[in-house]
Amino acid sequence: MNYFPWLTIVVLFPIFAGSLIFFLPHRGNKVIRWYTLCICIIELLLTTYAFGYDFQLDDPLIQLTEDYKWIDFFDFSWRFGIDGISIGPILLTGFITTLATLAARPITRECRLFHFLMLAMYSGQIGPFSSQDLLLFFIMWELELIPVYLLLSMWGGKKRLYSATKFILYTAGSSAFLLMGILGICLSGSNEPTLNFETSANQSYPIVLEMLFYIGFFIAFAVKSPIIPLHTWLPDTHGEAHYSTCMLLAGILLKMGAYGLVRINMELLPHAHSLFSPWLMIVGTIQIIYAASTSPGQRNLKKRIAYSSVSHMGFIIIGLGSISDTGLNGAILQIISHGFIGAALFFLAGTSYDRIRLVYLDEMGGMAITIPKIFTNFSILSMASLALPGMSGFVAELIVFFGILTSPKYLLMTKILITFVMAIGMILTPIYSLSMLRQMFYGYKLFNAPNYYFVDSGPRELFVSISILLPVIAIGIYPDFVFSLSVDKVEALLFNYFYP
């Protein structure tokens, strides 16, 4: 046992510090912004220190564990712990949330509530990644919905209420499946009900029951990570939300679904996972092709980027379905990599919207001349999104490809077929990315418009873009950053549950 409660502090600090925002003196919005930013930076430093100081990379077991009895009646504890799979997403959460609070400078209306919700979301996002108790996982998962709903419905675009309602209906509906799955696992295990991840992972269930649980959890996580056909809330939500909210949605919220698939569907229900994995591969390939071919048809810039997110999540599903060391590591790398790239693209889309106040791509054009810095950043990050070698997206997708080809589970013909279909999806990706750049930045449409003058990126916006760009290039050049975290845990997971 680790005696200092690092994870409890990391999870609870943002929401408690955030609730103090309402007691700050009325000195304008500046105080609130700086306060929130400081909280985020302190939290990120705390997390980094705790992980750097107390976390052993070569140990695949759960570390930094905490276990406090909460409700004695049915073994419900305040149980936290992290391993190699959850450490990446937690650090990603800290990084993206800090940059998103910095990106939210232009917000002036209801400033206190906005920043409180950002901090509450921070807690609600780190919670699921670090909880080791099924019910605690569910509570943290739910804690995160209310801030998103309010951020959408109060600071969104014209159709914000429609998209906020759609978001809450989809996610709350999926949570019902999550809760049913958790109660099922809790009650159908051994003699006494248990909510502990580790005891649940070592139990075996009748195969039909396990498949039912698997389908329930899969629906819950498929809404969150959007997996087709449960993805339709995502383009609406992204199209309407303020871009700082979009950064959190694309960077972290979607990753919670993928993380849930690894943590619950793979670890707790391995037999069902090996039965369903061919279907996961099929769904993933359909998703890559479908989203990449729907994306060019979107007029709205943010919706186009949202569909590209859906397409990239397909690689994660395929990596999980390959049940190979390489494939699962590739999926975890794609989780981290897309967290950076998706957040950066939404940030840049938002900053260009602040300049021109246009949403539709066919009304834009010729912006490259007047805002060259935004144009440069947008071009580099679009290239990262279409998996340019040297960027993190390329490494992640390449390793998922290797994962399929080295998977012992499938026949050679199946592997070749899936790889071929995925390759088509990778050819479609540059089509929508480059046409998006062409419609926004090239041509003369806005250049000839009267009273046409825009300010280019200021230091704050440049700082946010470059802060996200650096890890993308760093992971692209040296992906062992991420692999060193997850590789031992992935090996242990596959060895214990899939290849005994």
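Along the chain as shown, the residues are counted starting at 1.
From the backbone N, Cα and C atoms, a Cβ is placed for every residue, glycine too.
Per TrEMBL, transmembrane segment is recorded for 6-24, 84-104, 111-129, 135-155, 167-191, 211-234, 246-264, 276-293, 305-323, 335-353, 374-404, 462-479 (among others). Per TrEMBL, domain 'NADH:quinone oxidoreductase/Mrp antiporter transmembrane' is recorded for 131-420.
With a threshold of 8 Å between CB atoms, the same-chain residues lying at least 6 positions outside the transmembrane segment (135-155) that come near it are 11, 76-80, 107, 109-110, 113-114, 117-118, 120-121, 123-125, 127-128, 161, 163-165, 167-168, 171-172, 175, 178-179, 182, 186, 195, 237, 240-242, 245, 248-249, 253, 256, 264. The stretch with the most CB contacts under 8 Å to the transmembrane segment (305-323), chosen from 111-129, 167-191, 335-353, 462-479, is 335-353.
Long-range contacts of the transmembrane segment (335-353) within the same chain: residues 88-89, 92, 96, 99-100, 103, 238, 242-244, 246-252, 254-255, 258-259, 301-302, 305, 308-309, 312-313, 316, 359, 367, 371, 374, 377-378, 381-382, 384-385, 391-393, 395-396, 440, 457, 461, 464-465, 468-469, 471-472, 475, 482, each at least 6 residues beyond the stretch ends and with a Cβ under 8 Å from a Cβ of the stretch. Within its own chain, the transmembrane segment (84-104) is flanked in space by residues 10, 33, 36-37, 40-41, 43-44, 47-48, 51, 55, 57, 60, 114-115, 118, 121-122, 125-126, 129-130, 242-245, 247-248, 251-252, 255-256, 259, 262-263, 332, 335-336, 339-340, 343, 347, 350, 460-461, 463-464, 467-468, 471, 482, 485-490, 493, which lie at least six positions past its ends and keep a Cβ under 8 Å from the stretch. Counting same-chain residues at least six beyond the ends of the transmembrane segment (211-234), those with a Cβ under 8 angstroms from any Cβ of the stretch are 163, 166-167, 169-171, 173-175, 177-178, 180-181, 184-185, 205, 253-258, 260-261, 264-265, 269, 272-273, 275-276, 283, 286-287, 290-291, 306, 309-310, 313, 316-317.
Among residues of the same chain six or more beyond the transmembrane segment (246-264), those with a C-beta under 8 A of the stretch's C-beta atoms are 85-86, 89, 92-93, 96-97, 99-100, 103, 118, 121, 125, 128-129, 137, 141, 144, 148, 181, 197, 217-218, 220-227, 234, 237-238, 302, 305-306, 309, 313, 316-317, 320, 328, 331-332, 335, 338-340, 342-343, 345-347, 349-350. Here the transmembrane segment (276-293) has long-range neighbours at 211, 214, 218, 227-228, 231, 307-308, 310-311, 313-318, 320-323, 404, 409-410, 414, 418, 421-422, 424-426, 428-429, 431-432, meaning same-chain residues at least 6 beyond its ends whose C-beta is under 8 angstroms from one of its own.
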